[in-house]
Amino acid sequence: MAEEADGRGDLPPTPGSELQAPHFLQDVIFHGKFKLLKALTPQESSLCQHGLFFLDGQRRVDYVLSYPSKKPSSGRSGRQATHLLTENAVARSLRRGPQSRERHIPQHQGQRAKEPSGVDVELGCPAETLNGHEDQKILRREEFEGKLRDMGLELEKDEETKISGVSFVKIHAPWNILCREAELMKLKMPTKKVYEVKQLRGVVEKISSLVSKVVEPLHPQVEEHQPKNIKHLSHTFSREKQHLFDLSDKDYFFDSKTRSSIVFEILKRTKCKAKYSMGITSLLGHGVYTAAYPLHDGDINEENAVPNDRKLLYEEWANYGVFYKYQPIGLVRKYFGEKIGLYFAWLGLYTQMLIPASLVGVIVFLYGCATVNDNIPSMEICNTMNNITMCPLCDRVCSYWELSSACATARASHLFDNPATVFFSIFMALWAAMFMEHWKRRQMRLNYEWDLTGFEDEEDHPRAEYELRVMQKSTSKDQKAQHKIKKLTCQDRLPAYMTNLVMMLLMIGVTFAIVFGVILYRISTKAALYMSANPVTRSNAQLTVKTTAAIINLVVILILDEVYGAVARWLTVLEVPKTDKSFEERLIFKTFILKFVNAFTPIIYIAFFRGRLVGRPGSYLYVFESYRMEECAHGGCLMELCIQLSITMLGKQLIQNNLFEIGVPKLKKLIRYIRSKQGAFQEEERQKKLQRYETDHFLEPFAGLTPEYMEMIIQFGFVTLFVASFPLAPLFALLNNIIEIRLDAKKFVTELRRPVAARAKDIGIWYNLLRGVANVAVIINAFVISFTSDFIPRMVYQYMYSPDGSMHGFVNNTLSYFNVSHFQQGKEPMDPLYLGHPVQMCRYKDYRDPPWSTTPYEISKEFWAVLAVRLAFVIVFQNVVMLMSDIVDWLIPDIPKDISLQIHKEKILLVDLFLKEEQGKAGNLERRSCVEGKENWSSSNNNNKHSSSTAAQPRSGLHTNSTNSL
């Protein structure tokens, strides 16, 4: 492609052309061809003006590198422009061969010799005394760029930028380089061959067409380049089989996403001779370059902007006004790559699957609201005629209280603790299994549509840090020179593994310690509120303590999430994984463990431990001999579990997922603008004057999909793990995700630099984490129903102890008696007449024998009966739900039938295509051999005639001579 450009006579000489720089300057200065200089001005070309092309307006910018530099405040001088042109001319000559190199280098050296000694060429300003570190960076940068040119890439520098202290290197990949790398990367590209996708027939086709007409307004207004029933046959790109592909427009055969990924692959594997320089990641880590990124396609806010995929995505995807529409997943994949496309496809499917879960959860909640007045236990608690006196909730400052005062709590608990919650737990377990199976089918369909059916993850290049560690090990004094070290062993990583283990346990211990601290806060605050002289404060002490403790837990969770994310990354760096994929998987696993424990430890404590380590009146369990362990209200701990779960879930979604995602990128972008010292310009004016690569420089770097997946996995845990206690969790998750999709879309399109497109056929380790959370959810919900709620005690009483088979008398059955004279010294209430009459016996919630029995205060038989039924329910519930999930997994095939048929059809068409190609080649060879045979036969005949005539001439001559002699 470069050779073609050289032959165009109508194009002016540019910094990237093959013309020599001195000739260019001679034409400008001595022959008055100032149009050549005008052609280099970016404002004259609309393509160059936006910074998407080189200065010649022909070559597309596929990648950009930025590095720090010092420049004078005024414009570039003529000498600097000459130096830039000469540098490019010499660099281009390096790729054309040794003769050209010998011809250009002396000119370049001669020109540099004429330059004033007081000017530093690299910095473009008067020479300053640089330290060795900066000189080393300059040398490594020059060497790396030379290697890139040797690899065939074309480079163009821009040191006259509007960003103070930043220069840019624009990279373009010519056609031959793209073809070479596409073949090495085994990219699948569409061929000329098209075929018709088999459509549904019969009743299914009619239903499908009807559904498509109904949901037509929900589809985004994205133009399809071809009908849905027509598909191009794809094949791995090969330079030998270029005739199979449609190469009529070579500039757009490889889209911008593919071009940037090809260039990034070259940047990753290009190594320098400098010490410990292994690709662009190493150079970025050492500060040789400050950033490396592909460019966005264009502007999105300008009315007269050229139509591009980014603007289309902004209008039809990254917009809150289209929240009700489907996502243009095909366009997302085309612009950002398969890996990001799969994330948004998974997020969209997860959000769709939350719709039926939300509907069922709302129905369960409404059932609780409808039956609250018919619930006999709550009616017995609210009945003031029962006159049940309860034991104090704390020592000394708390007094006796009437059970009827807990009426509101008991009625609210019924909203979440009713027979429908058991059904909802089973439903959500099956829902999780169906979601996983549905995603596998959706994933296979996307693999077929995106031509990833035969794609296999290839082994990544070793990370720069890994190669550096191997190099340091091989060059250490302790190693002998007989063999070369090629990898790190487990023994080398043993200190890192031990550090990981110790730090993970320490972080989990920190979480437990904070939960314990919140427990102490509950106990002490409750005692302080009960000492208040205000009766309103005393009556609302329980609710105040629950709410404030849940808010404290939320704040701690948000802070520790950020700390644990940084700790997990530091621990992963210590391990020095070999490849980027291994690094990402280890980081994800550590981060998930720490954040999962951080988010769910307070909830697990309330669900399974609170109220069970209390003791009994007269023999309570104390912490530090002064803090009495807290117990649940009579309505049970399920209500408090619901409060903690709702505050934590909603707080994380509103604050962490939404507020942080909106505010943090904008704050970082503002800091970059301030650091760039561009405050003299107004925002709009600066945006108009900046090139595309300068505008993208201010955007936030793409940090991977781990934070996006992580928040959704934690949310999936909230939806499935404790759904028995909070049926409205799917509804809140659905509302959050509707905003989350558009928020993430807007962040990717407007706030982040364009990420390098990465190929992937699945979501990787995240699927295994989802499967693990779904399996754990079955067990946890079984324990929540058995031990946290009153479902099992109610069933046991109704079918074993109730005299008439009803729930009348259930509350009295669950309360034990305590003689107030058996209080320990100093633990009795300070105001025993708080209720207006002396109390002889008080009640507390437990299954124990009364004080007048032969075994006072011992655990009764009812306790063991309830415990046995609880354990039996856990075993039965777990096995039944697991079996039903396996049945769902078995009934739903992983690959849709139509997709498997189309994949099989593609293989047959590929075989036919290659057979026809081979037959064509054989026919051409046969015809060629026939033609060559005829030519050989005719040439042999002519040779025979010629030889016979030449042989006859000497014989006749000999006869004449002999006659003459006679």
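Cβ coordinates are placed from backbone N, Cα and C, and glycine is handled just like the others.
Among the ranges 1-20, 681-700, the stretch that TrEMBL annotates as region 'Disordered' is 1-20. Most Cβ pairs under 8 A with the transmembrane segment (420-436) among the ranges 501-523, 543-567, 769-792 are made by 769-792. Here the listed stretches are 587-608, 712-735, 769-792, and the one with the most C-beta pairs under 8 angstroms to the transmembrane segment (543-567) is 587-608. The average pLDDT computed over the domain 'Anoctamin dimerisation' (53-329) stands at 74.
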